[in-house]
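Record features (Swiss-Prot):
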type: REGION; residues: 136-386; note: region 'I'
type: BINDING; residues: 181-188, 511-518; note: ATP binding site
type: REGION; residues: 437-629; note: region 'II'
Amino acid sequence: MKLISLLFKQISVVILIDSISTLPSDTEKLCYNSVIVLKLSWSLTLHIQIFMEVWQYGKFQWNDPFFNNDMDDVFNQLFRRMDNQNSEVRGISLMDNRCHRMSLLNTEQLASYPKIIKQWKYLKMVNRLLKKEGFIEKLGTNLTEQARDGLLDPVIDRENEIQKPAQKFCRRRKKNPLLVGESGVGKTAVVEGLAQRIVAGKVPETIQDKEIYSIDLSSLEAGTQYRGSFEENIKQLVEEVKAAGNIILFIDEIHQILGTGALAGEEVKGLADIIKPLLCHVAKLSVIGATTQDEYRNTILKNAALARRFNDVVINEPTAADTLRILQGIKELYEKHHHVVLPDDEKKAAVDYSIKYIHNRHLPDKAIDLIDDCGSFSGKNSQTDVETLDQRLKNKRQLRRPAIKSEDFAKAADIKRVDRGTKQKIKKTHQKEKITATIDDVAQSVERLTGIPVSDMGANDIEHLKNLDKRLKVMVIGEDEAVKMVAKAIRRNRAGFSEGDQPKGSFLFVGPTGVGKTELSQALALDMFGNENALFGIDMSEYADRTAVSKLIGTSAGYVGYEDNANTLTERVRRNPYSVILLDEIEKADPQVLTLLLQVMDDGRLTDGQGSVIDFRNTIIIMTSNAGFGNEALSGDKQRVQSLMDKLAPFFAQNFRPEFRNRLDNIVEFSHLTKQDLSQIVDLMLADVQKTLAKKSIKLEVTKAAKDWLMEQGYDEAMGARPLRRVIEQQIRDKVTDFYLDHLDVKNLKADLVDAEIVISAA
């Protein structure tokens with residue numbers, strides 16, 4: 001009786017105003033015997049369905065003596081009154097069907113009873129209200145129920161992955177599939193897809209009546225501050241699962257069960273210890289779990305007793321073509337949410353960009369994130385009137401609930417009609433305002449997510465590549481041939497005509513000191529990646545020892561510093577895959593370090609000390625060397641015209657093996673600087689001084705005589721431009737500093753040559 005009362009107390013929340021109908025005599029007697037007065041006007045069909053569900057819950061869940069076997073005859077008689085012509089479905093035993101299934105009526109009969117279809121969502125809401133009394137409803141979410149309500153996203157093109165766990169549930173014992181795969185490959189989506197297939201009946205007969213519940217481990221552990229509370233929760237959960245007989249528990253991040261409920265330093269059983277015996281028994285407990293490859297290896301496999309109770313199902317990353325089909329299947333959800341149109345080329349760009357630029361995540365998750373971010377960016381300028389209509393709709397719904405509770409159904413019906421009109425206005429407004437997302441929006445989404453300046457290969461980018469050498473020549477003086485060789489290699493790679501998976505470029509810069517090898521590297525980083533911080537240099541003199549290899553890839557397992565690899569080459573590339581790597585003075589490194597670089601230059605990847613594969617395909621690797629360009633290179637004209645390979649032959653024979661030389665894109669020779677080159681370098685260095693002074697609103701004018709004197713003092717063919725930098729530091733920066741400290745109010749300065757000395761004065 002309590003159950004019947006509870007039903008009619010709760011049903012007032014979900015009542016659907018309908019035509020008044022007369023109850024059959026059997027039903028009237030049943031209601032009056034239950035001391036329930038039906039004041040609500042429902043259709044006959046709704047009454048029959050509700051009483052059928054009450055009977056099933058009362059008989060199987062609560063064992064109420066009111067619900068006896070004679071009720072079968074009552075309901076069969078009621079169904080015959082509904083449709084005397086077709087009674088095939090009446091013979092279906094109500095005891096063999098769960099209250100949540102519509103299998104009592106076939107498709108033709110559903111078409112004959114449109115009110116059943118219209119009111120079915122309200123019946124399901126009643127079921128949920130009844131089942132909320134159960135402990136399992138407090139711990140998790142019924143994915144199968146969500147699938148019936150259409151609350152789950154469609155699962156596209158994952159049939160093989162869904163059928164594998166479905167087949168595992170057909171076993172007699174150990175019906176516990178464990179989904180193992182990297183994060184983002186769709187493990188949870190496979191479980192949701194299984195729930196959808198159960199609702200659609202596209203699973204083996206053994207599991208067609210199953211309910212999948214996603215369990216929240218934190219809810220299971222919450223409030224268990226007293227000894228035995230946690231075990232009591234587990235016991236109650238297991239008892240409900242056994243009593244239902246058709247529940248599958250889904251535990252995401254299932255490796256956490258090894259620590260859930262266990263107290264440090266105390267002999268208390270955890271969740272894994274308690275459910276472990278139940279997992280291998282017949283018809284005791286069915287669990288489907290999900291975890292990553294690393295967690296599976298480090299936790300589950302180490303517990304052999306737990307591992308043998310699961311059947312692992314590997315979920316691999318979908319291909320680019322599969323991901324594109326997934327995006328095609330879910331695009332309507334994101335178009336509706338963001339009020340934008342997502343064309344096919346935009347989805348194709350999302351897949352391509354996610355593969356090319358987002359390396360530490362997996363498909364399809366990263367491609368879906370790009371679509372979502374792109375949609376939010378494209379539809380960010382929503383009109384205010386849409387928000388006003390949404391707010392009006394919410395306010396009307398709030399007024400509708402009190403009207404239903406007070407049984408003012410006329411007012412509730414009026415509010416519902418207003419709701420329909422408001423929804424139509426919102427729909428029309430959205431249709432007018434829909435914006436079409438573009439490939440540029442996807443590129444901007446990639447830039448927001450990764451910080452990488454991404455642009456499509458359009459006209460602007462082509463011009464940018466064509467003029468690369470011109471821009472570099474402005475910043476690197478006197479090395480036109482070197483700049484030209486580097487620009488050719490970069491253009492070839494960016495245009496997509498390079499073969500293999502090599503880095504964007506791998507160069508060996510050779511030449512005397514101070515001629516611009518490092519300067520060209522900095523200019524290249526600024527031009528290619530828009531930031532000088534994209535260049536990180538490594539002084540290879542620190543790698544003269546063979547054991548220093550760990551500084552590049554991290555310490556191996558079992559050695560000190562295994563967990564701390566933040567400053568290694570591989571970690572820095574993982575965090576910033578678009579960068580210029582400068583290996584300065586490569587000839588000073590141990591040959592073992594050079595051997596390590598072979599894989600980088602050939603395959604564009606390197607495995608670090610922890611076993612992770614780092615992608616180097618988007619880096620530019622530059623090695624510098626002074627070998628063959630010492631002071632002896634200036635001793636005579638014969639050596640001046642000596643070929644590059646002749647100069648490098650002794651060095652290569654000693655340090656570089658043939659396979660290393662063959663993997664270089666180019667060996668770039670830098671020549672000695674002339675006085676004419678140095679005159680242009682003076683202007684560049686003085687421009688840097690001007691930038692520094694501009695921070696204090698100071699302007700400096702340098703006369704031609706002063707520039708010529710600085711060039712003469714700083715010229716050294718053997719040493720390059722570095723002596724000139726020291727001269728400017730001493731003669732300009734230091735003297736400007738002294739003058740500024742004595743004359744704080746002077747903002748316009750002048751540097752002139754007086755008696756063979758630089759003098760700073762007010763302009």
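Using the three backbone atoms N, Cα and C, a Cβ is placed for every residue, glycine included.
Computed from a predicted structure; not experimentally measured.
Take the binding-site residues Val185, Val515: by the count of other Cβ atoms within 10 Å of each Cβ, the lowest one is Val185. According to its DSSP assignment, Lys517 (ATP binding site) is helical.
Looking just at the region 'II' (437-629), the mean pLDDT is 79. Lys187 (ATP binding site) falls within a helix when secondary structure is assigned with DSSP.
The local packing around Gly181 (ATP binding site), expressed as other Cβ atoms within 10 Å of its Cβ over all shown chains, amounts to 21. Of all the Cβ atoms in the protein chains shown, 16 others lie within 10 Å of the Cβ of Thr513 (ATP binding site). The 10 Å shell around the Cβ of Ser183 (ATP binding site) contains 15 further Cβ atoms across the protein chains shown. Burial estimate for the binding-site residues (Lys187, Lys517): highest at Lys517, by number of other CB atoms within 10 Å.
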